[in-house]
Structures are given as C-alpha cells and as structure tokens.
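Quick look at what TrEMBL lists:
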TRANSMEM  6-27  transmembrane segment
TRANSMEM  60-81  transmembrane segment
TRANSMEM  93-114  transmembrane segment
TRANSMEM  126-149  transmembrane segment
TRANSMEM  254-275  transmembrane segment
TRANSMEM  287-305  transmembrane segment
TRANSMEM  325-346  transmembrane segment
TRANSMEM  367-384  transmembrane segment
TRANSMEM  390-407  transmembrane segment
TRANSMEM  440-459  transmembrane segment
Amino acid sequence: MERAEAYGFSGAMSGAFLLSCLLFAAVSRRQRGPYMDEVFHVPQAQAYCQGRFLQWDPMITTLPGLYLLSVGVVKPAAWLLGWTGSVVCSVGMLRFINLLFSAGNFYLLYLLLFKIHQKNKAVSGFQRILSALTLAMFPTLYFFTFLYYTDPGSVFFTLFSYLMCLYGNHKTSALLGFCGFMFRQTNIVWTVFCAGNVVAEKLNEAWKTELQKKKDEKISSRKGSFSDLTRVLQFLVEYLLSPKNLVTLTALTWPYIILVSLFFVFVFLNGGIVVGDRSSHEACLHFPQLFYFLSFTVFFSFPHLLTPTKIRKFLLSLRKHPVQYSLITVISLFLIWKFTYVHKYLLADNRHYTFYVWRKVFQRHELVKYLLVPFYIFAGWSFADTLKSKSIFWILMYFVCLLAVTVPQKLLEFRYFILPFLIYRLNIPFLSLYRQLLELAFYILVNAVTFYLFLNRTFQWENSDEVQRFMW
C-alpha cells in the first residue's frame, strides 16, 4: 500500500467509524431496550456474562459464537476500565461489539479487493478505497451494525477466512471458518467455498494444460457455449475420478475437510442444523429463492448489471440462442409453480421490508410471480456475465455454494443474501469512477431512508403497547 493510499484508507475508515458512532448514539437513544431478535440474543449474552453457560433459550437457532465472543471482549474491558453493575453487558455495550465488527469488515473488504484484483494495474488506490467504503455501507449489512445480531460477526469471520484462503493459509482459514460456523451454521457453505477456490485453481491449471495439448487456446471465448460447458463437465468428472488428483486435492484442502466432517458430526448428533426452535426453520427446496437473490443483486448492483450495453448484449444473446432461453423459461416457470413457499413470518410480520415486497408485488395477482420470469432470466444472464473474468470452475463452484445457501431457506429474508452478495461483488471487475460513486450514493440514500423510517416512523400493534419499527 502506497503512503497516499494508506492515508486515504485511514481517513475513509476513520470517517466511516465516526459516522457509525453518531448513528449508534441515535439508535441507542431511540431504542434503549432489546428489539426484534435482540429479545433472545441480549438475555442469552447477559446469562453468559454472569457465568451461567448452561442456560440456553430454546428459541435461539444459532450456535453461541456471538455470546462467547461478547463475553471475551466485554469482561476484560470492564475489568480494565473498572466498570461494574448494569453497564457491563448492557444492551448498548453488547451492540457496540457489532460496531467493532463493522470496522473490521471495512478493513477486510479492502484487503480482499486488493488481493483479488492485484493483477489489474489499471485499478487505482482511490478506487479500491471507494469500493471498500461502498461495500462497508452495504445497506442490509450496515443496518445490523447497530443491533445485537449475528450478521456483522458472521460476515467478519467468513471474509477473514476467505482472505486467509486467498493467501494460502488454509489452516488459519479453516479455524476462522469454524468461528463463522459458530455464529451461523450455514456459514459452513463458505468453508466449502474456500476449499472450492483451491480446487478451482488446480482444475483451471489442468484445463489449460489440456487445451494446450490440443492446441486450443480459446478458453475464454468459448466459455459460454453449451458444447464448451459439456467439455468442461466431462473434464471435471475425469479429473476427479483420478486417485492421484484426489490425493493432491485432499492434501491441499484437508483443514476444510476436517471442518466439514465435524459439521456433519454436529448435524448427526444434533438431529439437524438448527439448535433451537426448528418449527419455524424447516429446510425445503425453495428454488425461487435463487430468483429473489438475483433480483436483490440487480437492485443493489444496478450500476454493474443494468447498463444499456448489457441490455443490448442480452437481447443479442436472446436472438442467437432462442431454444436455450425457451428451455430456461420453461424450467423457471416449473420451479416457480412447484417450489414456491410462503413462510408464515413473511405474511404476519409487518415490521420487515420483505412483508411489503411480498404484499405489494407478489400478492397483487397469482400470475405476477410468473410474469417476472423474463426479468429473472435477464438478471441471471447479467449476473453471470459480470463473472466472466473468473474461471469456469470458479463460477461453477460459486453457483453450487449459492444454491446451497439460498435454496433450502423457506423464509424470504434479505439477511440470508448478505454473504453471497458480498463475495459476488468482491469478484467482479471495477467500474468507472462515475459508476462507483453512483453506487455509493445509492447505498447512502437507502441507508438514510432506512434509518429515518426506523427512528422516526414508529407504529403500534393493536394487541401490544410496545413501539414497533420498520427494518430489513
């Protein structure tokens, strides 16, 4: 990092942290007590603070990573500063843990952007700082910086694990992946993703060697064709069936293999992934979740995905491959018809934005969910098109992980899209400075509206005296 870039990054990070502290003070003044899921998380953390580690709220569905780390930070800080009484492990103190995670996420995002795009000399230090700031302000993640939720910590350990993987520190990466798993069980998918990075790199090397033997160097230009995909899948099967190759890959990924094996032991002993209330967290094949994620990504990455050039390229692709797109349309319609699920929380809880998205869009008419298929197809094409700089094996690996982390979820919840979105966004090419600034301005606007609604547009339910607030 050059000196000017280091100063610029320090200034951006300090400014973002100061802004977050001001927002943190405003949120803490308006909402002093636990809100939403905090009514489960805060008492559980406070029980741990008091040494009652065997106490467990059965409504909590995640492992105790957040509470253990909170105690590990708050208790030593309280001892050093001489704090006693209710201030130790208070709601505000526990929420502040996520403010620290937010600063850590900013730093990790910058380091990941630097590592992933280090070969692109056209990217300036200012662009890296701007992109890191933009992703640190990503609205769905940034909002939960100010509440005691698992999301900021879950993202921190997953991004840290990914960074260590890219630097080849796989034992450290697996250990950090375990920490991420302790915050949210589905983070095991991103441990598989880290292992998949190693496998994809080896596969890509072998694939290039195979092409060179055949004197065919058109890997990038043919990546999108169906025949090329067939060849790639055939090569993939042959490569993975070789005992020598399997031994090599196992030697490279054994820390991840151990962690994934421990995950399966946990699932067997626990009788499932969820540790608490399972009645509202049943796994299912909810394939439209992929369509919702693509729509979510288009909304938050419109400077990348909704450009006139991309629309023209999509229409040209549509004209060239009508049979393929017709088949994709039929499959999409079938998946929506047979695999659409509506969780009871989605219909009942009017505090979440998803409630209004579902009511204002999908519940307008039975046919709306089918009429959106053309948009889903464009979103999917544009999404894949922005990843074309990555190897075909990386793309296949990412899409497998994306399906694994979204499809089994019955509830439409934007928080579940945070990590797959960030990993996607980290790996796509940099835009022009104008489009980067447009993206940052859009995020700031969405955050401003979100915090205004949360702080000022309160309401009450008929059967409750508690103040309700709008949130993600």
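FYI, residue positions are counted from 1 along the chain as it appears here.
Here the Cβ of each residue, glycine as well, is placed from N, Cα and C on the backbone.
The model shown is predicted, which means the values in this text are computed figures rather than measured ones.
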Result, the transmembrane segment (254-275) in contact with the transmembrane segment (440-459) (3+ CB pairs under 8 Å): no
Same-chain residues at least 6 beyond the ends of the transmembrane segment (254-275) whose Cβ lies under 8 Å from its Cβ atoms: 60-63, 170-171, 173-175, 177-178, 181, 185-186, 188, 191-192, 194-195, 281, 283
Intrachain neighbours beyond the transmembrane segment (287-305), with Cβ under 8 angstroms and 6 or more residues off its ends: 138-140, 332, 335-336, 339-340, 369, 372, 375-376, 379-380, 382-383, 386, 402-403, 406-407, 409, 412, 414, 417, 420-421, 424-425, 428, 431, 435-436, 438-439, 442-443
Chain residues outside the transmembrane segment (390-407) and at least six past its termini with a C-beta under 8 angstroms from it: 186, 189-190, 192-193, 196-197, 199-201, 203-204, 207, 219, 223, 228-229, 232, 236, 285-287, 289-290, 292-293, 384, 416-417, 419-420, 423-424, 427
Same-chain residues near the transmembrane segment (367-384), Cβ under 8 Å, at least 6 residues beyond its ends: 288, 291, 294-295, 297-298, 305-306, 310-311, 314, 317, 325, 328-329, 332-333, 336-337, 340, 361, 395, 424
